[in-house]
Number of protein chains: 2
Amino acid sequence: MSGATELTLGDLGERGIQERVLRPRYGALEGFGDDSAFLAAVETGCELVATTDSCPTPVVNILAEPDLFHAGWLLATINLSDLAAAGAEPLGLVVNYTLPKTTTVAEFERLLDGVDACCREHRTKVAGGDIRDGATMQLTATAIGRCVPGSRLRRSGAQEGDRLLLVGSPGYLWAAALVKTGRASLPEALADELWRRACRPDAQLKAGRILAAGGLARAAMDVSDGLFATVRTLCEANGLGATMTGEFELDAIVAEVARQSGLHPFELAQTWGDWGLVVATRAEDAGLVVKTLWGEGVPAQEIGTMTAGPALTLGADGPAWEGTAQERFSASSWHGGEAATLVAAVLGHH
Amino acid sequence: MSGATELTLGDLGERGIQERVLRPRYGALEGFGDDSAFLAAVETGCELVATTDSCPTPVVNILAEPDLFHAGWLLATINLSDLAAAGAEPLGLVVNYTLPKTTTVAEFERLLDGVDACCREHRTKVAGGDIRDGATMQLTATAIGRCVPGSRLRRSGAQEGDRLLLVGSPGYLWAAALVKTGRASLPEALADELWRRACRPDAQLKAGRILAAGGLARAAMDVSDGLFATVRTLCEANGLGATMTGEFELDAIVAEVARQSGLHPFELAQTWGDWGLVVATRAEDAGLVVKTLWGEGVPAQEIGTMTAGPALTLGADGPAWEGTAQERFSASSWHGGEAATLVAAVLGHH
């Protein structure tokens, strides 16, 4: 080892990592060190749900410094976002990290900081996990949650005529990418705020619980691969199509970046990385649902109507909606790349 | 693609995999295709536990054909074994597979077959999961379980004088390795039986539940890294030491391999890969616990006594017990290798 600040996980070994890194951080958890992590004592009836996702390389790490904090935050967000789509309350996260032996302890701490910070934000915790060494870093987590019996949200359940809502504030990540690659520029304070939001996407857990508890949603799904892929999947799950308004009122910072970049607001609203929810509600409830969410501090807008389908169109009798969708195990499966190439691939050349 | 039998995951793409492989197998599950998998409806109070583990390359794949069935079975076993050590009843598994695009559909089906077969054996199921493509295969799962309130088994809770029991039948995996590398030979039928057991290690879920329900264990841990590492960790968690008997009555097939290989039975009992449990019980209960387990068809033997410690010895006032322990993030961290090298590393040259 070359000095205290460069101490690596390989220097510590598994037992050293356990005692010097993990115990100081997680040792007070009930069940710390046991074969199985203690998640929660459940006293009343509930439906349990679970979801697992691996963390891709965060786009913000490609745009700027490769700080593992962002990977940690993202890992927690993508898993909690799936619980949000079910209307579930998180009971905890179980993490599984494969890390090279050359990972420094400082880098590892940043990863843990990111996961823990995101969990705290949502009043949940890392309940347990496993680490092992391997040639390539791989970060995986499983989130476990509980739903009030009968309230669990699913992808199916929508009907023709239902309104589609987008819950959350889209466009922050790719607006930040446009600024970083010089296609827009903002005063420093606004650029900082944009970057902060891009680095800390927000799983819509509160919205999911409100929608589930109030019976306000007939179907829901989180936006993990972009709006087009999400709406298409939601439509397929219900044997329906959709007519999109093609309009979206972006947050002011994001709207300014769209304007400078020559992008229509809906183009930026279609991007991924902000972990919103797409929700189908009864037409007659749509206004109330949007108002209810805003009243709780959660942004939501109507973006379309579900149709007999199967077509996805922009406006009634309008042209086909041709969004981009990344698909795993295909040529579009995304594994990182240069910032400028990325922006071009996601937003096109304008 | 070069023909139906050589169809790869990259040929199908994510949506093709979902429709042609996963839906036929898992489509009847409640919540199939949703963002979060449905685990279970819980009606009475319980304590929830969760555990996650990645699957190493199965030793049986190094000894013989690289059939992904074995990796699938092992992945389920190592996770269910942690639930066994908690005395928990499994509610389900959530799986996370990273697979190269070149993985054939037939190989993928074998992986799923292995996981599903192991789950069926323990009356549990794959509730959901995630797949993505990557350069290197990585198989991770999370098992979620429930315990009767107050009965959960932990690593801590043992006291001086407690007896240590080994639950399960150790030595099958490494006896099979000795046969495959020519250090022992058996009649074909026995060799087949040995190999079958080596390929299908058995998580001790039934034993865990019996011990937990009856309040028969004060501490428990599964043998994932060998008996020495397990007993050492269990002792450290309780601030104790242990005096081991140094004896073990192996199953007849395994004993015969030990004899031919010039190994003392305890040497083969110390190996890993069979997923037994080490349990601390009150001295006065030890006989009854062993009898109770045998009565339920679960093998168990007394292997030592917990002492004021911290020494681990063979026999009272005997020599130090110096077992081998693989430690992750260290030079002994194991990532596969040649069969003969492996056997030498685990069992030494005799």
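Glycine is treated like the rest: Cβ placed from N, Cα and C.
So that you can see what the record holds, here are the features copied from TrEMBL:
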| type | residues | note |
| --- | --- | --- |
| DOMAIN | B:33-146 | domain 'PurM-like N-terminal' |
| BINDING | B:Asp35, B:Asp82, B:Asp222 | Mg(2+) 3 binding site |
| BINDING | B:Asp35, B:Thr51, B:Asp82 | Mg(2+) 4 binding site |
| BINDING | B:Thr52, B:Asp53, B:Asp130 | Mg(2+) 1 binding site |
| BINDING | B:Asp53, B:Asp82 | Mg(2+) 2 binding site |
| BINDING | B:Gly129, B:Asp130, B:Arg155, B:Ser224 | ATP binding site |
| DOMAIN | B:159-314 | domain 'PurM-like C-terminal' |
| BINDING | B:Asp225 | Mg(2+) 5 binding site |
| BINDING | B:Trp321 | substrate binding site |
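Least crowded of the binding-site residues (B:Thr51, B:Thr52, B:Ser224), judged by neighbouring Cβ atoms within 10 Å of its own Cβ: B:Ser224. With a threshold of 8 Å between Cβ atoms, the binding-site residues B:Gly129, B:Asp225, B:Trp321 that neighbour chain A are B:Gly129. With respect to Cβ neighbours within 10 Å, the binding-site residues B:Asp53, B:Asp82, B:Asp225 differ, and B:Asp225 shows the lowest count. B:Thr52 (Mg(2+) 1 binding site) sits 14 Å from B:Asp222 (Mg(2+) 3 binding site), taking the CA atoms of both as reference points. Counting only the Cα atoms, the space from B:Asp35 (Mg(2+) 3 binding site) to B:Thr51 (Mg(2+) 4 binding site) is about 20 angstrom. When every Cα pair among B:Gly129, B:Asp130, B:Arg155, B:Ser224 is compared, the largest distance found for this ATP site is 31 Å.
Within the same chain, residues at least 6 positions away in sequence whose Cβ sits under 8 Å from that of the residue listed as 'substrate binding site' are B:Phe228, B:Ala242, B:Met244, B:Gly246, B:Leu312, B:Thr313, B:Leu314. This prediction places the mean pLDDT of the domain 'PurM-like N-terminal' (B:33-146) at 95. Closest by Cα distance to B:Gly129 (ATP binding site), from the binding-site residues B:Asp82, B:Asp222, B:Asp225, is B:Asp82. Among the binding-site residues listed here, namely B:Thr51, B:Asp53, B:Asp130, B:Arg155, B:Asp225, B:Thr51 has its C-alpha nearest to that of B:Asp82 (Mg(2+) 3 binding site). Using CA atoms as reference points, the binding-site residues B:Thr51, B:Asp53, B:Asp130 were checked against B:Ser224 (ATP binding site), and the closest is B:Asp53. Look at B:Gly129 (ATP binding site): DSSP puts it in a strand.
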